[in-house]
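Trainee: Dropping the structure in here first, questions after.
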Amino acid sequence: MTSTDTTTDTTGATRGGGIGIEDLELAASHHVLDLAQLAEVRGVDPAKYTRGIGLDEMGVVAADEDVVTLGASAAERLLARSGSEGVRTLLFATESGVDHSKSAAVIVHGLLGLPSSVRSVELKQACYAGAAAVQAAIGIVARRPEEKVLVITADVARYGLGSSGEPTQGAGAVAMLIGADPSLVEIEPVSGLYSADVDDFWRPNDSTTAMVNARLSISAYKNALLGAWDDLQEQGGPSAEDIEAFVYHQPFTKMAVKAQQFLAQRSGAELDPEALVQGAVYDRRLGNTYTASLWAGLASLLDHRPGLDGARIGLFSYGSGSAGEMLTGIVRPGYMSSARAGSAVAALDGRVPVTVAEYEQLHENQFGSSEDVETPRVTTAPFRFAGVQGGARVYERNSED
Ligand code: COA
């Protein structure tokens with residue numbers, strides 16, 4: 001285990017400077033599908049899903065939910081707990097954006113009632129955009145340490161019905177507050193980078209489901225992981241032995257197991273498999289959440305693994321297409337929080353189960369913006385997508401909240 005120098009502030013809390021994650025919060029969809037039920041209907045051994053790909057459930061959005069409502073719900077709970085003082089930037093990372101021009105960030109800005117003096121923008125590079133947003137946020141805070149940045153990662157993963165990607169769908173959001181002298185995880189300045197133009201996964205502008213070359217997506221992930229790792233080493237980053245636990249982008253949690261094997265081979269280090277279990281608790285239940293997947297993994301690790309005070313962790317972000325980044329962070333003492341963990345479990349446990357037939361109907365019911373429509377009132381989350389009026393999407397605070 002490694003640790004940074006720390007100081008004790010006037011409240012008695014141990015703080016160590018730097019910039020990173022002050023707090024984070026997870027939001028889940030209104031519905032959930034048990035993958036054992038999907039396996040039964042598709043004529044597949046349920047163990048293929050639970051053990052073979054490492055998923056138990058997948059989040060399914062209600063007709064009045066999307067990435068905006070998921071992201072806004074996570075952000076509202078985060079700011080209620082940690083405050084919005086100093087927030088002057090809102091970065092929204094997603095690959096299931098609701099408009100080609102207007103950002104989800106601006107809509108969330110309005111729903112949360114943030115001041116007009118908050119810049120709001122959306123970032124895209126498949127599942128990687130969350131890490132890019134965190135790095136951009138750190139840059140902003142480095143220039144003005146009194147500022148904070150609200151980073152939202154939110155996605156709804158959709159593949160075709162009956163396709164090989166079908167069990168690796170899901171939905172969820174993680175909102176993070178980035179600031180100086182953070183109380184949760186300090187992100188270290190050096191990271192490992194990798195970019196390569198690959199057609200392993202993409203979603204054309206006129207398609208509601210993703211195209212994926214499954215085998216290529218796994219080899220492209222591997223190339224990005226090893227490329228980013230090699231770059232981290234060249235940049236003078238820590239060796240694998242100096243990293244207590246890794247969290248990987250996990251579109252399905254077996255992918256993290258594969259990633260750890262690839263990294264162990266490359267680095268020659270013996271890597272602790274236990275951290276993968278503790279970092280997979282939420283993703284096993286959310287399914288794939290694209291940009292939010294890594295950060296839900298981080299939330300899961302912090303909520304389930306004691307003894308990380310002052311420890312260095314590795315965070316690998318991968319986005320098909322492709323971009324990878326290996327970040328490292330130092331976990332702050334006192335990082336475990338029953339309020340944060342309780343909120344995540346409540347979001348997951350509070351979901352309403354759907355049958356496979358109900359899921360299939362929701363999957364097919366996609367609202368375009370060419371026709372005005374009023375969505376059924378289903379979600380009990382703080383915000384809902386009310387429908388389309390005059391071609392524009394309408395969002396509202398949920399009166400049932
Ligand atoms: N019990 C236990 N394990 C089983 C099993 C059973 N009855 N049947 C199959 N498995 C295992 C396989 O051995 C395999 O494990 P391995 O990868 O360790 O060898 C795993 O389950 C998946 O089986 P496979 O035949 O490869 O599944 P698939 O062809 O249906 O595809 C994905 C799996 C993940 C590639 C597919 O769901 C997909 O395309 N997902 C979207 C793309 C994606 O997320 N890519 C990741 C990089 S971004």
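Using N, Cα and C of the backbone, Cβ positions are placed for all residues, glycine too.
Bear in mind that TrEMBL entries carry predicted annotations, made automatically and left uncurated.
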Trainee: Among Tyr159, Tyr395, which residue does TrEMBL name as a further (3S)-3-hydroxy-3-methylglutaryl-CoA binder in the site formed by Asp45, Lys258, Asn288?
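Mentor: Within the candidate list, TrEMBL flags Tyr159.
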Trainee: Are any of the recorded positions Asp45, Glu95, Cys127, Lys258 near ligand 1, with a Cβ under 6 Å from it, and if so which?
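Mentor: With ligand 1 as the reference and 6 Å as the Cβ limit, the list reads Asp45.
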Trainee: I'd like to know the mean pLDDT over the domain 'Hydroxymethylglutaryl-coenzyme A synthase C-terminal' (281-359).
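Mentor: For the domain 'Hydroxymethylglutaryl-coenzyme A synthase C-terminal' (281-359), the model's average pLDDT rounds to 98.
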Trainee: 10 Å Cβ neighbour count around Glu95 (active site, proton donor/acceptor)?
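Mentor: Glu95 (active site, proton donor/acceptor): 25 neighbouring Cβ atoms within 10 Å.
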Trainee: Around the C-beta of Asn288 ((3S)-3-hydroxy-3-methylglutaryl-CoA binding site), how many further C-beta atoms are within 10 angstroms, looking at every protein chain?
Mentor: 30
